[in-house]
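> Here TrEMBL flags 91-125, 192-222, 223-257, 326-360, 361-395, 468-502, 569-599, 600-634, 703-737, 738-772 as repeat 'PPR'.
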């Protein structure tokens, strides 16, 4: 009445020709009318009045009217948008109002179309615009939209705004991207209590209560929101006892609880059936004068009902007049009566609910169906079930708890492609194939797991009506690790054409695809796209770019990305270190390692592996010794590299020490680690120990790599029959051989002179769909050459479909030398020099051949050719292991600190040997 009376008074004043400057009273009257407006019909009347007064373009009036239409209970967002469109020059406040209105409406996605129009109109967003858009992203569960808004805010210089950053933390956490939420939090130079509460609530929403508690404990100050978030987090994650314990702590140390706190605490009591504690909470509410909101009243009803105190539940329910109830309160009491078998009472209350004008929802009908189930009322159950259809309720999977949870569990445990297809059929049967959690889990399984198939995943993806950025990322990632990583880019292009914005995960998957293809130009294009979209500060993306450029051997650009990162984490340093190691620049890799502000096991492992991959095995072992003193505990990755170094050096004692380290430190004996141990023992000549390690695992848990290691180990030691027997065992165990297996078998045949068997294994490659590589041809040539079939080996070489490699020609040359095929020696030797003109051994080998047949001129020519090309003869060196320490030396070496004493002992040994020889000759002559 008051608002309409004021509006009539204002309208009466119009009869007088009052100038705008003198309209103070009327202006204030209109503002008062707007403030007191309680219904949509009143709002439209006031709008008409404003138009009549000629004030519809007056900023304070139009803005207040727009706010009322867009944001209040009396409003209507579509009406607000029409009103907004009449404004001749909307201010940023007006744009923000309509964006905010849509962010809390049924169509939050419209916030973004309004935002785009705002930008096109040349209106700059302010510190309020971005939080409203972040809220819309959170409601849509679309972190890709939120990420784009985040990038736009950074681009416009809002990186230090607490209000914006707090809303971004909330948005990322709501979208279950807690890593990025934490990143925003950590990068805030100044945090307020809202920032801490947002981070705490984010961890709780994502189910990480350990981190939530850690944030809570680190807070410089706490308010009632902080305590309520922590309590609610424990309740939502099922730890109701801890929630009540925190509440008890709050009563002693914290502020007075509010109605939000009490709702969570009552929920915990309900789940625990803790009636006495529930009654105490009710008393706390009354004693502290907390407002008895509908939500709090509903929680009390629910708690009493679930704790079996149905009379007290009804008392609380009856304590509110019908005009002030809502569907949630009615659902609580109807559901409470149903679970206690009070079927007639629950149905009677449903009738009361309808008389009171409360419209039932899906939960109401589920409660009624539960009541019918308890009472065996089949006819009534069918009636309520049909009502669901008549009212066009779409019962969400969250209401199909049993079926929904069972499907998720089945998906997680899926182990084969056939199982995956069966589950897909089941999902379709249940009508859940377009349900986001189910479809996303199914897609991830098909695209990324061992049970999957990327082509099947793509077909599944194409059936999604509106794939989210998560789904696009899944299929891009699937292709990036598949046999066709180039398809990641075609999917990415389709993603952009579909109007889906990439997020901080999209680019790393594309960078991985570029690295696997060794195409830095593709990676560079992706890098540019990421920069264009405001991701230049994203560490996750930059780290993947460093890896990509380094994998493509563009270490200069990898370093540029690293140097331009304003904030680097340990992953950034490790990526740069690994990049230098991959490119063979161990001096720079060591420099990066030495400059690292902190190092983890990955840092040490990267450095050690770099030295191993670049052939400096002694330095790798030296770094490992340093790691044992200064670094963290090694992991299985570190040990694989260290064992590889021992294998190359033939350092058996050190290899045994590494094996002991693995056992003493309880490192998981993965197949890769076990394979490395077998390989190390075999290459160091300890074949029995290699077999012991190999036999320590059951056949069901082996793989082709482990079998290859032991078969190859036996082969290099000439244990031909044993290696062939193990191959038979391998086939019985159901392990499918690969190219390396056949290479090992051909090597065994070469050592044993088994030409017939070698031809069999060579032909098996083709029969099993494998194309022989240069190494297989080299082994086959070696088999024939060692068996004296040099002419056949040469013919085989000439008929090969691949160009002969240096190892292949070397194998033939050895055969020629052994069996005196001097006519072929020169042809093969000269071809070797053509292939590898900087290898000193090629010249020296051919020169020695010429000298052996007294062709001194040609021998001298080879030496001269070597000198003209500037090829230096490499100094041969030997290694000796004493008490687990390796010593390497060359002829006439004097670098060792004890070289003088060593040479004295050597000279003494030589003299003794000569004396022994002289003595043997004397004894022989005296016979």
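Any Cβ shown, glycine's included, is placed from N, Cα and C.
Just so you know, TrEMBL annotations are computer predictions that nobody has curated.
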> Quick check on the repeat 'PPR' (326-360): DSSP residue counts for helix, strand, coil, in that order please.
26 helix, 0 strand, 9 coil
> Six or more residues beyond either end and a Cβ under 8 Å away: which residues meet both conditions relative to the repeat 'PPR' (703-737)?
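Distal contacts: 671-672, 674-675, 678-679, 681-683, 685, 687, 690-691, 694, 697, 743-745, 747-749, 751-752, 754, 757, 764, 768.
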> How does the repeat 'PPR' (91-125) divide up by DSSP, counting helix, then strand, then coil residues?
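Counts, helix then strand then coil: 23 helix, 0 strand, 12 coil.
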> For the repeat 'PPR' (738-772), provide the mean pLDDT of the predicted model.
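For the repeat 'PPR' (738-772), the model's average pLDDT rounds to 90.
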